[in-house]
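Worksheet: the structure to be examined is printed underneath.
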Amino acid sequence: MKITVIGAGNVGATTAFRIADKKLARELVLLDVVEGIPQGKGLDMYETGPVGLFDTKITGSNDYADTADSDIVIITAGLPRKPGMTREDLLMKNAGIVKEVTDNIMKHSKNPIIIVVSNPLDIMTHVAWVRSGLPKERVIGMAGVLDAARFRSFIAMELGVSMQDINACVLGGHGDAMVPVVKYTTVAGIPISDLLPAETIDKLVERTRNGGAEIVEHLKQGSAFYAPASSVVEMVESIVLDRKRVLPCAVGLEGQYGIDKTFVGVPVKLGRNGVEQIYEINLDQADLDLLQKSAKIVDENCKMLESTIG
């Protein structure tokens, strides 16, 4: 199994290291446009092999030729939003980056599974799908896995219980448009509504929506990377080991939930072939309305990018 991570920043490098440490790849490529960064980080990771007991071949590179014949490619490359930059500016710049990255990936790998982490995530996943020409089941956005992890951690914090006993369902867009589905959120099989008052649940939902911004506020510079990287690796593990995990991911819908030709976060089965099944679960009307609203925002932004992404 050969896995490539595009972007050697905090998210990309942490993702690459966790993949190596969990022995999920025979060969791992960390690629970045900045010379020296992927080479140095890649070598540093490789030198942990004797301690971590893994033999993964790790290559840091600035040359897409080194990514040839990758089975999985993870795109983390992109710019953060800067002061004075409009959302439209960010969309255009990152769409251009993801377009170029995807074009270069496809020059060297015929049929990879592409996992997109770059923001705005659902829209960038659409860009990668359009440019790659791959079937929708092979282009996946990391969305709800991270959001559900945050929701679960906040619930555990509130109740003082193990995170392992908490299951949460978060659908929709990654960010303000996410839809934490309370009725499918449980603690050891017990509905969360039986354990916490509605106003507390509402506060936890809102904190989940602002989870990324909360970390940015603490850090002052930079954004979250441990939890995003761990979420990507959970997806990679399910694909590589054919685990058939049911995880919330941004995928291209074709009529499910009344949404068509739009990438949005829903529960899917992830296995060796990528997205092997999309689950259309029963939602309350309020949650369905929020999910469709989230998809509409993604669709509008994608239409704005049509001339950019070809």
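Using the three backbone atoms N, Cα and C, a Cβ is placed for every residue, glycine included.
Here Swiss-Prot flags HIS174 as active site, proton acceptor, drawing on sequence analysis. Under DSSP, HIS174 (active site, proton acceptor) is assigned to coil, being neither helix nor strand in the three-state scheme. Within the same chain, the residues at least 6 positions away from HIS174 (active site, proton acceptor) whose Cβ sits under 8 Å from its Cβ are ASN119, PRO120, LEU121, ASP122, GLY141, MET142, ALA143, GLY144, LEU146, ASP147, ALA250, GLY265, listed in sequence order.
Taken from Swiss-Prot, the feature NAD(+) binding site covers GLY7, ALA8, GLY9, ASN10, VAL11, GLY12, ASP32, ASN94, VAL117, SER118, ASN119. Secondary structure at GLY9 (NAD(+) binding site), as computed by DSSP, is coil.
Positions annotated as substrate binding site by Swiss-Prot: ARG81, ARG87, ASN119, ARG150. A C-beta separation below 8 Å, combined with a sequence spacing of at least six in one chain, links ARG150 (substrate binding site) to ARG207, THR208, GLY211, ALA227.
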In all the protein chains shown, the tally of other Cβ atoms within 10 Å of the Cβ of ASN119 (NAD(+) binding site) is 22
In chain order, residues whose C-beta lies under 8 angstroms from the C-beta of GLY7 (NAD(+) binding site), counting only those at least six residues away in the same chain, are LEU31, ASP32, ILE75, THR76, ALA77, GLY78, SER118
